[in-house]
Amino acid sequence: MAAEEGAMSPTRMLAEGHLRVATGGGAPADGGIAVRHLPHHHPAKKDGVGGKTEQDNHEDVDSLLSQELKKLANGDNKVPGTLDDYKRLVVPIVEEYFSTGDVELAASELKGLGSDQFHHYFVKKLISMAMDRHDKEKEMSSVLLSSLYADLLSSYMISEGFMMLLESVEDLTVDIPDAVDVLAVFIARAVVDEILPPVFLARARALLPEFSKGIQVLQVVEKSYLSAPHHAELVERKWGGSTHFTVEEAKKRIQGILREYIESGDIDEAFRCIRELSLPFFHHEVVKRALTLGMENISSQPLILKLLKEAAAGCLISSNQISKGFSRLAESVDDLSLDIPSAKDLFDKLVSTAISEGWLDSSFSKSAVPEQEMQNTSAEKVKRFKEESCHIIHEYFLSDDVPELIRSLEELSAPEYNPIFLKKLVTLAMDRKNREKEMASVLLSSLSLELFSTDDIMKGFIMLLQSAEDTALDIVDAPSELALFLARAVIDEVLIPLNLDEISSKLRPNSSGSQTVQMARALLSARHSGERILRCWGGGTGWAVEDAKDKITKLLEEYNTGGDLGEACRCIRDLGMPFFNHEVVKKALVMAMEKQNDAGILALLQECFGEGLVTINQMTKGFARVKEGMDDLILDIPNAQEKFEAYVELATGRGWLLPTFTSVA
């Protein structure tokens, strides 16, 4: 970006006539994040405090000598001579701060760089890295900016950093689908913390293109945050920095409030306690838990219904939160049926009562939940299918064996539950690493060709999107991850863009699911969207499984001909599919048997294992797959069994295989 390279950009122009704001810094006590920055405790210090680069003074000096002079002047600290050097050095500072929470250490390391003219980039990098992480890191980043203000970061630097972020929102959205809203919270928080002047919004708006996402961010800042009642408290609690509640702690408090209310019947006390939680965005949990208690204890239902009705009438719990609470309970009613056999009937009666009394929108009963519609048989069969699906998916994540999974799914003989399987697959993958997410997308492509209809896949995604709020309680990044899965399905031609409109029509307007579909559309409309989405989880080469197998065969044949170990390892690494390296092992072993080139092939496997290119799990899986296909191999290679036993003996001696190989393979 031009702004980063010092060109005349809006970030430079913004500084002209910039107003300074008196505020305070100070590192949190004990270097932690529990004590937030509080404004007005210290006077603002002079802008521009910090070391100066010596680059301009050494332009004609040999670069090595220049670096040595800088080291002498600054001790052993690394001193960036250019913006590129600075960018490289600030990343580990941010990473270390996220790990330790030590504000003083981060300040010391930033000061040691001695390049205050680049600190606007630190602001941008800190926030952009936090935007892609959990609420903890977002809160930590806001605390760090407040602490560094005036001491190390001038008002100008902070404004310029935020302006750079506004200019790059389009790019950020590719990797962070909810970047608009997250950046809006950061800007609102900076204004509330008084490290960014409110006039920044007007100046930034004048410098950004009219229909850019940067303008959208500013609109969200003003309408959703800074103009809201008690906006300061709202913004400060957005990431839990002031309440210090974890999700589990909030759930326990809500449960306690409801149980006490049922015992005492004191509705005013219950309302007071709910207000004191200061978690209006989490009131759907109050609704869900209240309804659950009413189903567990029938005698408490009148009190529960009274509580929810009056909470809705008094606007303590919004209609949106009421609907969310009912929706979340609808999703889990099958599980409840295990403990409360009449759960579904009880829930239907609660829905009917709430609608008739006017505190639940009548559209709730009309919004068909696909998973419930398809349950033509008993809930027990659905439960059993879900359990079997979990086992099959977990096995797939371990084995990477698509054909085996398809065989297992066919054996279940329940095609009517294909959408449930898709929902379970994506949900389990979202809570795992990028490897499993990539594997889930690869599997979805294969299933769409062999087993799943487009209607199955659409219903599965609708179920995922309808339960998005519930999923987000356990998987913080669920909306953005789900948007990536949806976009990836379009790129892989599992769905077509028109299907997104059909899916969206089945969702409630302005729901989390609808917003996720919008995120997916934004991802697909971005520049180079196909390439970026295919690579979003690191393994996204865009190849089908068969394409990957062909490439593996070709690189092994080329190695067998030329014998260049380094080139073969580079080609394996360039595949970008580390979770598929068991196929490299399998094909290498088969080639060694066929080509009578044991020494060369085994040398390649040793090199791959020694470099960590092929893990012990992938190595073991490769050997196991050869063993599974031994009967077929013997037809073409009569001595295959003897050769394989020799390979296993060698691999065991060199530590390539898991100790359990012989018993599980």
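Cβ coordinates come from backbone N, Cα and C, glycine included.
Annotated features, as they stand in TrEMBL:
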type	residues	note
COMPBIAS	45-61	compositional bias 'Basic and acidic residues'
DOMAIN	85-206	domain 'MI'
DOMAIN	249-370	domain 'MI'
DOMAIN	384-505	domain 'MI'
DOMAIN	547-665	domain 'MI'
REGION	39-61	region 'Disordered'
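Contact counts against the domain 'MI' (85-206), taken as Cβ pairs under 8 Å, peak for 384-505 among the stretches 249-370, 384-505, 547-665. Shown for the domain 'MI' (85-206): DSSP residue counts in helix, strand and coil, namely 99 helix, 2 strand, 21 coil.
Across all of the domain 'MI' (249-370), the predicted model scores a mean pLDDT of 83. Across the domain 'MI' (547-665), DSSP assigns 96 helix, 0 strand, 23 coil.
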